[in-house]
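Engineer: Take a look at this one; I'll ask things after.
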Amino acid sequence: MLARVIEVLPPKPNRNDPLQIIKSRKHTHGRPATIAGPMVRYSKLPFRQTCRDYNIDIVYTPMMLAREFVRNAQARRSDFSTNETDAPTIIQVGVNNVTDLLRFIEMAAPYVDGVGINCGCPIKEQLREGIGCALIYNEELLVEMVKAVKEKYGDTLRLETKIRIHEKRTPERTLRMCKQLCEVGVDWITVHGRLRTTRSSEPVDLDAIKYIVDGLKEYDVPIVANGDCFTVKDMEHIAEYTGADGVMSARGVLSNPALFAGFDICPWGCVEKFVHYCIEFGGLPFQLVQHHIFCMFENMKVNKNHMKTLMMTKNMFELLDWLDSVFDMRRPDDKEFGERVEIPYVEV
């Protein structure tokens, strides 16, 4: 099934409601909702589809800049492709004003299952534009944007905010902001338990997430915990410790899209499925295909010489030939396609 950009794709019928998924998974599945988080460049359609094959409930697109998206058709084509099976999907937006946000939603919402406002990106360029993590220090604007969207769309549009926490000496500021968001109708809040300045190598602050979960019990707004989820055991610990309704992983699923299916190490089937979806859907730049496979190989501890050779391939044809020469690569019509766990090296 080919991927299509939104200019030619009809709105999705029978959309999945991500809010109900997040609220219900503990009751229906005995676990929190599992979510593949937004990653700049990497959360595109072939990767999203790979994640869906491994027990992930909801996936996010990469962050898209509202101003570029609404004004530039080429930006829309390069940033966002989807198809009829790409659900439930949350499209994440980087935005710093109400007008651009409403225009973005008008164009994008019919093709997704919800919209997420990025309030957590710590990149300096985004901060200078008042986007990403800058919004948690501009609470009035953030609340204004959420209020404007919910006043216009109500429950016909699911709207999320993905935040980081304020400095540890002011945890009540984060909680106060979350309460304001709840009062203007945000559907759920994802909390990345790190400060704007905290490196990803430093442990996530689960106590901060728990503080927010406990402080919002008077509201019927679920919380998703984000940070340091690399295995199912991590997911279970994060959910139990914080009380969050869902757990999001980004770096974890990048290297192991099957982590929520109980695989501590990326199974070989992920590679076969990802390559298949890249070919079927198209549109993913070759360097991103390479890097996705590199991340999975690194997790699988593939021979370092093979890793170097992988990154030396110049195009998709070279990559496919090399994969076939080193590994027993299966195609969709082959027996055990996408099912094997161990690395199937070709016997010499």
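Just so you know, glycine gets a Cβ as well, placed from its N, Cα and C.
Straight out of TrEMBL:
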type     : residues                             : note
DOMAIN   : 35-318                               : domain 'DUS-like FMN-binding'
BINDING  : P38, M39, V40, Q92, H192, A250, R251 : FMN binding site
ACT_SITE : C121                                 : active site, proton donor
Engineer: If you count other Cβ atoms within 10 Å of each one's Cβ, which of the recorded positions M39, V40, C121, A250 has the most?
Structural biologist: C121
Engineer: Name the residue among the binding-site residues H192, R251 whose Cβ has the smallest number of other Cβ atoms within 10 Å.
Structural biologist: R251
Engineer: For P38 (FMN binding site), list the number of other Cβ atoms lying within 10 Å of its Cβ atom.
Structural biologist: 25
Engineer: To the nearest Å, how far is the Cα of R251 (FMN binding site) from the Cα of C121 (active site, proton donor)?
Structural biologist: 14
